[in-house]
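Below: one structure, written as C-alpha cells.
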Amino acid sequence: MHDIKWIREEPEALVRALVRRQVAKDEAVALRDKLLSLDTARRETLTKLEGLLARRNAASKEIGQAKAAKDEARAAALMDEVAKLKVDVPELEQSAKAIEGELDGLLAAIPNVPLESVPEGKDEHDNVELKVVGTKRNYAFTPKQHFELGEALGLMDFETASKLSGARFVVNKGPLARLERALGQFFLDMHVEQHGYTEVNPPLLVRDETMYGTAQLPKFFDDQFAVYAGSTQRAIGDETDAERYWLIPTAEVPLTNLVRDSILSEDELPLRFTANTPCFRAEAGSAGRDTRGMIRQHQFTKVEMVSITTPETSEEEHHRMLACAEAVLQKLDLHYRVVTLCTGDMGFASRKTFDIEVWLPGQNAYREISSCSVCGDFQARRMNARYRPAEGKGPRFVHTLNGSGVAVGRALVAVLETYQQEDGSIVVPDVLQSYMGGVTVIAKA
C-alpha cells in the first residue's frame, strides 16, 4: 500500500510507475487525479470537522457562562447551536469515513512501484535471464513427463484424486509420497541449519486482515479458498464476519504477518522465518493451462522463506534469499536458470522479483520452481509493521521479502524427470537417501 503523502508530493512518479507496470497512461492519469481529488476532499472534510468539534466545545462552555450571567436569550441561542452541531458533526464524520474508505480502497488496489533496475516489459517473454546453472542431461531415450512416470509406477493417482476432490488434485503413494516428504524436510533442514532461518509451524486458516496485510486481498479475492464456520457468507470487509477464514495460498501470508501491528527494535533485524505448509489456490485465471500433472494444482506443498529487514539491508537480503533457494537445487544437482521478472510479469506486491526456473527434461522446458521478491514497505504499511532505528529516531516501516525455498511439488516433478531411467525407475538423489531410509531407486513393485 502506498503513502498518500508520496502521491500528493510526487504525483507524476505514480503515473510513471503505473505505466511501467503496463497500465495505460490515460488510466494512470485518471487514477492519479481521482486519488488527489479524494485526498483533497478528505483533508477539507477533516478540517471542517475539527472546526465544528472545536465550536461545539466552545459553545458548550459559553452556555454555562451565559447562564451564570443570567443571559437566558444567549444561552438559548447557544443551546440551539449545540443541538445543530450534534446533528452536523455525525453527518460530517460519516462523510469523512466514506471518503477515507474510498481512498483506502483505491490505494489498496495499486501495485507496488518497480525498482529502476527492473526490466520493462509486458509479460514473461520480456524477462531477463541472469544466469544458467548446471547443464542439461543427455538421455539415451526420450525422457517422459512426471505424470507418465508416476502413473506407470502405480504411485501417482489423478483419477482417484478427481473422485475425491475434482480436477487439479493428486494422490501420491508409497515411496513417491515419502520422496515428496523427504524433499520438504531436506529443504527445511538446509534453511534452518545452514541458512539461519527460524522454523515456524503457522496456521493454515487466516482472517481477512491477515490476507490484506500481504496484499492477497482484495486484489486476488477470486483466486482464494474461503472456509465458513457458519452458514452465512458475508461480504469481504464486513466487520461482523468473525466466522470466515481463508486457506493460505502461501506460507508468506502467516509468516509475514507475524510482525503485524508491532514495533521492533533494529537490533532484532533481520528476522528470518521458514515453513513447510500445504498451500491452496483456486487458479481462477489458469483455465486450460497445465491441466495434466502436478505443475498447477489447487493444493500443493511449498517451503517458504520470509525476511523482515531495514530499508538499508533489503537489497542485500534479497540476493541472500535467492542464494538460499539456489543452494537446495544445487544440492539436488538440478539444472536451472535465474531470471529477473519484467515490470509486466512481476507480482502485485513486489518491487523486484527473481525467478528460478528448473529444467524439466520430460517437458523439454524451464518451469518456475521459486520466486524471490523484495516488497519494500508495501506490505509493512498494510500491516503497520515498524521498527525503531538504533539512532533513536521515530519508528520506520520495515521491509519485507519472501521467496519459495522451494516449491516441493515442483521439486518432486523435477527429480522424477531428471533422475528417470529408461525402465521408468527413479534414482533417489544422494542427499535424499538418508530421508528415504536408504532407498536408492524407486521402481515398480
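Note: Cβ is positioned from N, Cα and C throughout, glycine not excepted.
Residues annotated as L-serine binding site in Swiss-Prot, with sequence analysis given as evidence: T250, A251, E252, E304, S404. Here Swiss-Prot flags R281, A282, E283, E368, I369, S370, S371 as ATP binding site, drawing on sequence analysis.
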For A282 (ATP binding site), nearby residues of its own chain (Cβ under 8 Å, 6 or more apart in sequence): D222, D223, Q224, F225, H298
Those residues of the chain, 6+ apart, with a Cβ under 8 Å from that of E368 (ATP binding site): D355, I356, E357, R410
Distance [Cα-Cα, Å, rounded] between S404 (L-serine binding site) and S370 (ATP binding site): 5
Cα separation, S370 (ATP binding site) to T250 (L-serine binding site) (Å, whole number): 12
Additional residues surrounding L-serine, by Cβ distance to the T250, A251, E252, E304, S404 centre under 8 Å: V253, L255, A275, T277, C279, K302, V303, M305, V306, N402, G403
Which listed residue (T250, S370) has most other Cβ within 10 Å, given these are binding-site residues: S370
For L-serine: widest Cα to Cα gap among T250, A251, E252, E304, S404 in Å: 9
Which of S371, S404, the listed binding-site residues, has fewest other Cβ atoms within 10 Å: S371
Residues satisfying Cβ distance under 8 Å from E252 (L-serine binding site), sequence separation of at least 6: T214, E304, V306, N402
Site extent for ATP (largest Cα pair distance over R281, A282, E283, E368, I369, S370, S371, Å): 19
Three-state secondary structure, which DSSP defines for R281 (ATP binding site): coil
A251 (L-serine binding site) and S371 (ATP binding site), Cα-Cα, nearest whole angstrom: 13
Integer Å distance between the CA atoms belonging to A251 (L-serine binding site) and I369 (ATP binding site): 15
Reduced DSSP assignment, E304 (L-serine binding site): strand
